[in-house]
């Protein structure tokens, strides 16, 4: 329900004439408030002439108006038409806009000069005959100048070139005369002297005001009549003629004309050829001239590639008496014809390029030339695919320099060489062509690492322990896609060979056994083999070689599982032989170390015990007559030994390690033991024994560490004895446990027997007590 609407109802634009096809002019825009298909707009010509549709192109989708064919303002200076915007709805709705396209003039036309006869002055074939007695400022010709361009491009200025007694004057001073069409009269500006100048070559030049300006010229030959006192004169001192090569003998090259101001016999002229003053070569063998007409003909076939210029002189003589003559220089420039094919410097061009060259890099240059000239020598180079289309889309060639470029990066491993043809076609008519073969060889770069083809990392080889030295274990096979030094491989073992059992031949990759196998070598060995090439920089590949040392392969599953674990083990960690062998050695070392440690601890305990024992002898041993401490036999007031106190937390106090309290156990004369100490005291003649009791703090546990059978000294106690004091009564308070028994006359302080924790003592000390 909405029609498209143009932004403007009238679009106006200027377009320079001769604009190249495809030049955008303007864009018509229309909007449609609908959506979807109803809002899609297409642009089409409406009321437009056939020339509009032929010269312009309208894009149906974008509305861009562009040039389809070049437009010449001199043929059409304005294009007016309508454009319709139509949606795609049903029914479609439209809108239209008017386009006015003004063709802007370009200075593309040169002025034209037309010289016509005027008055009684005869003018024929560009020659005007003027008597020398003509008055100054007499018009001798009408010059009409026109320019098809417009504006400044069509404003023409016309002048006479050279020092001649002629000038141009406007034929009309009216302001209504068009700027691009003007008329002039050619007037004499000075008296004519027949004897001085017989002919005047009046050159008229017209220049327009465009930028850049264009010009053209035309000439008028004015002949002045006089008496026969002047020699023949050529209209041009030098006549340049262009003549194509490969001519037929006898063809006319040019016609030279000389004039003589005289009349009658004095004006009759004959022509002849003479050598050029600058050259001693006579033209008679190649060129000839008709003596009456002045037609110059060629008698030989000209070849521009051999010689492109000929110069000779044409002489005109009248038949007067004396005869007078004039001459002119004729320069024949041999014009080129396309008679030479392009020629390559070589039939086969060979280039060498490195692989991995960046795309669009130059790979070579061909040299081709054409001995022709101008357009005939303009060459167009192209790549012609080879027999197998190797160069299709891969190579391009620069036309000006002959440089060949590659559009891809070469890979020698994919293709080592390319062969294609380069074709050169000249611009002559008909065109000539030539071809040359290009062979391109790709040089190798070290861009491929070695590839190990055998063995695979997951495979293994069984090696019997009885194998001799230099037994071939396996052969590592590797290949390298490069060539030359880049494919020269060397092998080395870089890991997994801690026992130096294996070595590899650097050149062949043969792995051999070089060490003697021992039990510790049984099991799986993982050799890390590195393969290096000799390129710069070198490339390398690492492979794994598994060797299972055993008499036979009894359980392949176990070996395969070990190999599988090896693949996940870092390469820095060696896998070589039976790991339990070294582990057992480690365990044995640990056991020996532990036993040695235990012995050292036991020895330290013995040393400590002996040291404490020796110290306790000096501190608590009994010596007769020594009174520096309480008497040993002084009776105590306590009946029972004190119990250890409990601490505040209810725990028992720590038991002292040794007791300093000694009890005495006496024996009856018949060898029986006393039931109590009191019984012993009442029976003084008997033999007494001491018993050591674990009791007071600071005394050694003599009953635990020393059980002795050495005889003890006999102690006779008397009731009145001064020694039977408090010191000796203390033994009644000791418990009967932890005692040692002795008999004899000596008290044994030391012991020479081993207890259950210690070894034999090295010293004894005994003292007799009376």
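Note: Cβ is positioned from N, Cα and C throughout, glycine not excepted.
Those TrEMBL annotations? Automatic predictions, nothing curated.
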Any idea which of 707-731, 732-756 is down as region 'Disordered' in TrEMBL? 707-731
Give the residue counts of the domain 'Cadherin' (455-559) per reduced DSSP state, in the order helix, strand, coil. 11 helix, 46 strand, 48 coil
The mean pLDDT across the domain 'Cadherin' (455-559) is 87
Helix, strand and coil totals (DSSP H, G, I; E, B; other) for the domain 'Cadherin' (345-452): 4 helix, 50 strand, 54 coil
